[in-house]
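This report refers to the structure that appears directly beneath it.
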Amino acid sequence: MKQAIQERFLISPFLVFFVIHATQVGVGALNFQRPLMKEAGQDAWMAVLMAGLAAHVLIWLMYRLLSHSPSGGDLVSLHEQYFGRWIGGVLSLGLLFYYALAAFMVLQSYIEIIKVWVFPLIGVWQFSLVFLLLTYYAVSGGFRVVVGLCVWGVVIPLLTIFPMVFFPLEYAQYRNLLPVFDHSFGQLAKASKEMVLQYLGFEMLLMYYPFLKNAPSSQKWAHAANAFTMFIYFVLILISVVFYNKEQIQHITWPTLTLAKIPEVPFIERMEYIVISIYVLVVVPIITLSVWAATRVVKQLFAVQQRRSLPVLLACLFVGTLFFQEKTDIEQLTQWTAKAGFYLVAVYVPLLYVYVWMAEKVKKALQQKP
Amino acid sequence: MRRGLAWVGALLLLGGCVSSRPIDEIQIIQQMGYDFENGRYTGTAVYPTFKQGPMTKPNMLTTTSPTIYDLIPRLSSKSALPIEEGQLRLILFGKEFARRGVTQITHSLARNNKVGSHLLLGVAEESAKELLKITAKTTLSDTLYLPNLVEQNEQSMNLPKTNLHLFLYRYFSPGSDPFLPYFEKKGDFVKLEGVALFRDDQYVGHVSLRDSFLMKILLGETKNGVYQLKVGNRGKQGEDRVMLQNLWAKPKYEWKRDGRRHVLDVFVHIHASVRDYPSWLDQPGGDLFADVKKKMQNELEHNMRRLFHYFQKKRIDPLGIGDFVRSVTRHWDSDAFYREYPDLDIRPHVTVDIVHTGIGE
């Protein structure tokens, strides 16, 4: 299990930028403003920055954990090394469920958006089938194909969707940003906890770390990706604060899509439909990478080939989408994913890091004694 | 092979998703009117019918119902083709309807993903139905007469900008009240009369198009608008007026405490061109304009004060003064502010710069 991965399967360090950024910005970017402005009003942008800085620290911690563990592999081999086959296996199983949940949540949320905005009468299963076929196609091509998808999932939306969010500045009320610091630190902390889901995505690193060529050198790209994510959310929240007021935004389900109603061009009256269509490119990389990570866990844990576990996992996701139809269920699902992700990256990984660090210390001390 | 199968499957499935609606098989509503008469709601829809070539003819559908939500389904029962509201450009409320509140309609519009944020709203002096009927009759091919009228006046004349987004923004904001364009029937014509004012979602009164120039400036819209001012007492009718065209104006609000009361200072700086002025002002060498400028400033200040008093008396805040005060107050309390609002001391200070007087002297 410890054998190194062949060089032809590895990716260059700078591609980590695209992978991390693509997985961070997802369906959450369409509606994160609402809970944030409910807690922190015009100071919501501070919560965005606070959460982003916290994500920086966690990425740094993750790199420390992965690069200093002697196994040099992913989290599953780390588990096995430090907790043994059984306890480590149970922990890895938890990771597997988390990745599957993440993929499922993104898929379900995006299907909901399509249903509400574009095709209200069409059933969920058609969409999920198409998406899962696409996922199958990408994941069976291997990690490098998934990364390629991530690159386009960053570049195309950045060139097409991102410029669109500046049009609403026509209606900007800059005084909405004042007074600054009108909220207590407690409120800001609570608001930044709402940002967890938006910054999540870098936890896939725990599985694809061994696939990085000269992995420790990719850390700066990971931080750059997180900084860029921060910048995107920062711009989005600033525009939302000046465009909406605090009460109004509570009545809008997807504030970012409603922002896209503002630009007008002669040949297309309503840009939000374009945004929703291009958003496929934002959503699919997240689903594929989560599914890839989940099947990778299966491979490392049970030595089952990814090609075999992939159809099983996709079938589970497909059946799952048939049972989640109502809006409240999907909201609940999102909450769970955010919570699970929060405990994984902000609680479990730091604890694991402390444990590994102590274990190494103890080992060294024992070796020196005799 | 497998890849090919996946593509074919995806194409087949996506092909099934298309729901196309050719333009001559639907009824595109472009304007909609809502009235309240004798305890029943009346809905009027204006839609174009396509004749040969680019000619369109506005047509109307009307129905009544005891409830509001029922109107579109009831219109459907009178229409041979399915009704589509995706191209809605203007919604007109009758005055009675607006008086009873427009929340139900605007909330339903805000939830409707088919309707754009640029949708215009307006209030008709009597019934919306009558007004729409006039526009359908007098305009031969232009089904968008009213929306174009509003847009033209917003861009080049005195009407402050309004649309669905701005209406909802001002409606939901705790520190401001919405307003809409106000139309009147003048014989066989429709005339834009000014701005209809709302308290929360209920129509409470309107101001003239002349006053809406002041509103436009006080709202911070920097360009356009014309204003006629009286600068002297001599001469015949019209001989003592000047016509001011706003080139660039900026309001600045200042909120301070004066003893136990709060004072709001409003500084307005207008860069204007004088379009028309009486001949006696044209004496070469004289510095009559300095005197006239003073008079203009006084009159503008006087009219602004009158406008503020009107808003305060009606307990409405279309200018978003509450919003401004919120932005300079920590932990702003909207209830406390609006309790004080009717007695607030608002002091306008106007400076007029006459940039030019046209190409003649």
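Just so it is clear, glycine is given a Cβ too, placed from its N, Cα and C backbone atoms.
Note: TrEMBL annotation is automatic and uncurated.
Residues or ranges marked as transmembrane segment in TrEMBL: A:9-32 (among others).
Taken from TrEMBL, the feature transmembrane segment covers A:44-66 (among others).
As annotated by TrEMBL, transmembrane segment applies to A:86-111 (among others).
The feature transmembrane segment is assigned by TrEMBL to A:117-139 (among others).
Residues 11, 15, 18-19, 21-23, 138-139, 232, 235-236, 239, 242-243, 256, 259-260, 262-263, 271, 274-275, 278-279, 281-282, 284-285, 288-289, 292 of the same chain sit 6 or more residues outside the transmembrane segment (A:146-169) yet have a Cβ under 8 Å from a Cβ within it. According to TrEMBL, the transmembrane segment annotation covers A:146-169 (among others).
For A:224-244 (among others), the entry in TrEMBL reads transmembrane segment.
The annotation transmembrane segment is assigned in TrEMBL to A:273-298 (among others).
Under the heading transmembrane segment, TrEMBL lists A:310-328 (among others). Within the chain, the transmembrane segment (A:310-328) has long-range Cβ neighbours (under 8 A, six or more residues past its boundaries) at 100, 103-104, 107-108, 111-112, 124-125, 128-129, 132, 135-136, 139-140, 291, 294-295, 298.
The transmembrane segment annotation in TrEMBL covers A:340-359 (among others).
Panel annotation: around the transmembrane segment (A:86-111), residues 26-27, 75-76, 79-80, 124, 127-128, 131-132, 135, 200, 203-204, 206-207, 279-280, 283, 286-287, 290-291, 293-294, 297-298, 300-301, 313, 316-317, 320-321, 324, 330, 333-334, 336-337, 340-341, 344 of the same chain, lying at least six beyond its termini, place a Cβ under 8 Å from a Cβ of the stretch.
For the transmembrane segment (A:340-359), the residues of the chain that approach it from at least six positions outside its boundaries are 54, 58, 61-62, 64-65, 68-69, 78, 82, 95, 98, 101-102, 193, 196-197, 200, 202-203, 206, judged by C-beta separation under 8 angstroms. Same-chain neighbours of the transmembrane segment (A:117-139): 103, 107, 110-111, 145-146, 149, 257, 272-273, 276, 283-284, 287-288, 291-292, 295, 306, 310-311, 314, 317-318, 321-322, 325, counting only residues six or more beyond its ends whose CB sits under 8 Å from a CB of the stretch. Ranked by number of Cβ pairs under 8 Å to the transmembrane segment (A:44-66), the listed stretches A:9-32, A:224-244, A:273-298 are led by A:224-244.
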